[in-house]
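Asker: Annotated region 'Disordered' per TrEMBL: 1-96, in sequence order. Sequence annotations record features per position, and here TrEMBL assigns compositional bias 'Low complexity' to 20-29. What TrEMBL lists as compositional bias 'Basic residues' is 61-72. Feature annotation from TrEMBL assigns domain 'Peptidase M24' to 135-344. Positions annotated as substrate binding site by TrEMBL: His203, His311. Under the heading divalent metal cation 1 binding site, TrEMBL lists Asp223, Asp234, Glu431. Look at TrEMBL and you will find Asp234, His303, Glu336, Glu431 tagged as divalent metal cation 2 binding site.
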Amino acid sequence: MAAHATNALANLKVKDPEAVKASAAAAQANGNGTNHEAEDSDDDEDDNKATGEGGGDGAAKKKRKRKRKPKKAGGAASLATKQSSPPRVLLSNLYPSGEYPVGQEVEYRDENIYRTTSEEKRAIDRANNDFLQEYRYGAEVHRQVRQWAAQNIKPGQSLTEIAEGIEDAVRALTGHQGLEDGDNIKGGVAFPTGVNLDHIAAHYSPNAGNKTLLAKENVMKVDFGVHVNGRIVDSAFTMSFDPMYDNLLTAVKEATNTGIKEAGIDVRMGDIGAAIQETMESYECEINGTSYPIKAIRNLNGHDIQQWKIHGGKSVPIVKSNDQTKMEEGEVFAIETFGSTGNGYVRDDYETSHYAKRQDAPKSRPALASAQKLLGVINKNFGTLPFCRRYLDRLGQEKYLLGLNQLVQQGYVEDYPPLVDKKGSYTAQFEHTILLRPNVKEVVSRGDDY
């Protein structure tokens, strides 16, 4: 999720959440092992009971004990050995040991090379096992969901169908449907799914009633997050259906990989940005016979991630700068880069969907009753995690826009409008989450796809 924020709001009709609840119940039954097959009764008797007929000395036939069938435990979910399509199998059922796949581990360089073999650093790392398993759980959910999405997203689908398909899968695999107070804070969707087309670089998620369809000519950035106990995995990729855009996607993917390579403990942010820009702007892309230089979008950045906070406070620029801020041991970063065939600069436009409660929100209560009620819903269901209008609709909230507007205006909630370059341009994004462990750098969200 891009590090950027301003104001823009609009109104949209709220939908009935009953169908959502029914779908959640179905996913719960499939993923969490709540279906149990019928078992044979302990009191079964043989059908051929003794009748006493023809017994000259009164002896009756003995009852034959029927061999009981072994009871089946766990139902269909316990038998799952691979993920379903669409993804609905709870991930912990696929990894009963509680140990999840390790991301790409990269040794530190230069003055930090000693960390690789330092027994002290290894001991500190081992003490962080719970932290690592939570991150790896979320990362494996992200990999399975995005790989399914990349294989199944096709032109003609609505952006709402695409976004909700991803979110439903994340909820099923984490086991957090988010319909009860506090459940989404424990785990599940970390922020609204961005489905950003063409010149829209970030923060576009459909609101209720959105009818936009994906077209073959579109370049779509898919940006979604998974969290387990507030450990947020933030990763994004770009899709296109025309090889004409391949150079744009390659430039941005390679720029992100450059940023990951350069990132590390004690590395200065400005140096990372310079390396990213050099890689990205070495490419150009020919679109419909015209060649365009690919520009790094200079007012979008990567960022550090803290528990339940998608933007922790540090920024990772994607262009050269004099920022002397250093990365530090134990920090988590989203290394994301954006490239454009346009101006290489974004502004706010279109209807807002993304919101998040501010860290410095006032302690006093809002004046408007509807704003007070809505703030309570936000606190119970999202805390400081970003949310969108569709998530409020899903919780059964109605006529909340006046209250939401007041929460934004009075500083309780921050709004994040879509960020766009000039119309007619194309933008791309790739992003990974990295853990600066004491002894090694782990690209926790790395997969076979990117």
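Glycine too: its Cβ is placed from the backbone N, Cα and C atoms.
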Asker: Quick one: give me the count of other CB atoms within 10 A of the CB of His203 (substrate binding site).
Answerer: 28
Asker: Rank aside, I only need the closest one: which of the binding-site residues His303, His311, Glu336 has its C-alpha nearest to that of Asp223 (divalent metal cation 1 binding site)?
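Answerer: The smallest Cα gap between Asp223 (divalent metal cation 1 binding site) and any of the binding-site residues is with Glu336.
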Asker: Between Asp234 (divalent metal cation 1 binding site) and His203 (substrate binding site), what C-alpha distance do you get in Å?
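Answerer: About 13 Å separates the two Cα atoms.
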Asker: Specify all same-chain residues, apart from the site residues Asp223, Asp234, Glu431, whose Cβ lies within 8 angstroms of the center of the Cβ atoms of the divalent metal cation 1 site, ordered by sequence.
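Answerer: Sorted by sequence, the hits are Met1, Ala2, Gly194, Phe224, Gly225, Ser235, Ala236, Ala334, Glu336, Gln429, Thr433.
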Asker: Nearest to Glu336 (divalent metal cation 2 binding site) by Cα distance: which of the binding-site residues His203, His311, Glu431 is it?
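Answerer: Comparing Cα positions, the closest of these binding-site residues turns out to be Glu431.
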Asker: Per 10 Å Cβ neighbour count, which of the binding-site residues Asp223, Glu336, Glu431 ranks highest?
Answerer: Glu336
Asker: Do any of His203, His311, Glu431 (binding-site residues) have a CA within 10 A of His303 (divalent metal cation 2 binding site), and if so which?
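Answerer: Near His303 (divalent metal cation 2 binding site), where near means Cα within 10 Å, the binding-site residues are His311.
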Asker: Mean pLDDT across the domain 'Peptidase M24' (135-344), rounded to an integer, is what?
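Answerer: Mean pLDDT across the domain 'Peptidase M24' (135-344) comes out at 98.
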Asker: Among all the protein chains here, how many other CB atoms are within 10 A of the CB of His311 (substrate binding site)?
Answerer: 23
Asker: Just to verify a number: CA distance, His311 (substrate binding site) to Glu431 (divalent metal cation 1 binding site), in angstrom, no decimals.
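Answerer: With the alpha carbons as reference points, the distance is 14 Å.
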Asker: Whole-number Å distance between the CA of Glu431 (divalent metal cation 1 binding site) and the CA of His203 (substrate binding site)?
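Answerer: A Cα-Cα distance of 14 Å.
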